[in-house]
Amino acid sequence: MGKTTEHESIVVGVKRERQDSVLASDTETYLPPTPQSIRKKLPEKLPTGTESTPTRRKRQKRVPLKYRPEKNAILEVQDVTQALLDEPEKVGFLYHALTNSQRIIVVSGAGISVASGIPDFRSSKGIFSKYGGSSGKDLFDINLFRSSDKIQQFTSMIRDLSNLVERSKPSKFHHFINQLAETSNLLRVYTQNIDCLELQCPYLETKSPLPSKAPFPNVIQLHGNIKQVSCTKCHINYPLEANFSAKMSCPECIELDNVRELVGKRTLGHGILKPKIILYNEHHPDGEAIGTISEMDLKSRPDCLIVAGTSLKIPGVKRMVKEFAKAVKGCKGCVIWLNKEPPPTSITNYIENMDLIVVADCDSIPDLVSGYKDKYINKSLKTSTPQIKIDMLNTCKT
Ligand SMILES: [Zn+2]
């Protein structure tokens, strides 16, 4: 029992429901809980920032596309007002794509959270450079777990990142995606971000682990999340607590071993709790579900793909974008790149061209959409057909 006490002392800070009443009962007739029965008791849905079910805004009427730019046309936005004056056709195409498409897929990366104060891996400042990583691969590789020094360093970095995320709010672009969901124009968000910022918006939600069958949530976290830890042995998830430290043991594994010891069975050992971030060279526990969901989305005739705030350095995500782009083009939809940097030719060739490359801060997109609506749509409605009312997408002003 001395061994158990030692393990108990290092699981402090992990929320769980003890089964004291079960342990105190007649152990002769007690069957130890299976991982499946334990899992049923744990919440699968991550917090969304609201507990009420919000009512959805009406989807606007579809308007035919009047102008399509040449392949890989670039819209550079340094100043929103200037872009509206200089490039009304390209902004008009962007406006059309974002307000008329009905099954939009967003593939997002670190760039959409920069305005929220979360640095990307290549940022020269911030917590990643503090921990000496020059790339995501340096900082997030499963091989880190072979060295106890590196585990300590990784854990400190996760704690810092978690504290930063706790203080952060969704960006304008997160709210913009939320509005697409509110008007039922969003098919899915596939995010490479682990910060869960989109989940603070009322219409965006995910589940962890992902279910194997529909209904699926509208946010898919491709690389896990910073809000949970997961047991390396039984894969049960727990919330990541502020005092999380390296090598915390899994309470349920310990519980199971205690029960087995009591009934005279051999113990099975226990896993340690690891942040639920999918590391390089690590098996993805939700990989199969993500495959099922993306297959389903490919068959759902997506009509717009927005690749936002990512340079598509991860091969799996790049392949996914290529497939989505192909499906969108098959529906005569719009493929849009949105990032501070234009894509290299290798990416445009791989994806076989995009309809519009928007070189801008992601947060300027809501302003571009509302600016275009005010300058060109509302104005023409007022002067020509004042009796017509169209329920246009409102931009967020956060
Ligand atoms: Zn476990």
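For all residues, glycine too, the Cβ spot is worked out from N, Cα and C.
Because the structure is a prediction, the values reported are computed rather than measured.
According to TrEMBL, the features are:
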COMPBIAS  1-20  compositional bias 'Basic and acidic residues'
REGION    1-64  region 'Disordered'
COMPBIAS  55-64  compositional bias 'Basic residues'
DOMAIN    84-391  domain 'Deacetylase sirtuin-type'
ACT_SITE  H223  active site, proton acceptor
BINDING   C231, C234, C250, C253  Zn(2+) binding site
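Shown here: features listed in TrEMBL, placed on the structure.
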| residue | record | Cβ neighbours (10 Å) |
| --- | --- | --- |
| H223 | active site, proton acceptor | 20 |
| C231 | Zn(2+) binding site | 21 |
| C234 | Zn(2+) binding site | 18 |
| C250 | Zn(2+) binding site | 26 |
| C253 | Zn(2+) binding site | 25 |
Rounded inter-Cα distance in Å - the residue listed as 'active site, proton acceptor', C231 (Zn(2+) binding site): 16
Here the mean pLDDT of the domain 'Deacetylase sirtuin-type' (84-391) is 90
Translate the DSSP assignment of C253 (Zn(2+) binding site) into the three-state scheme. helix
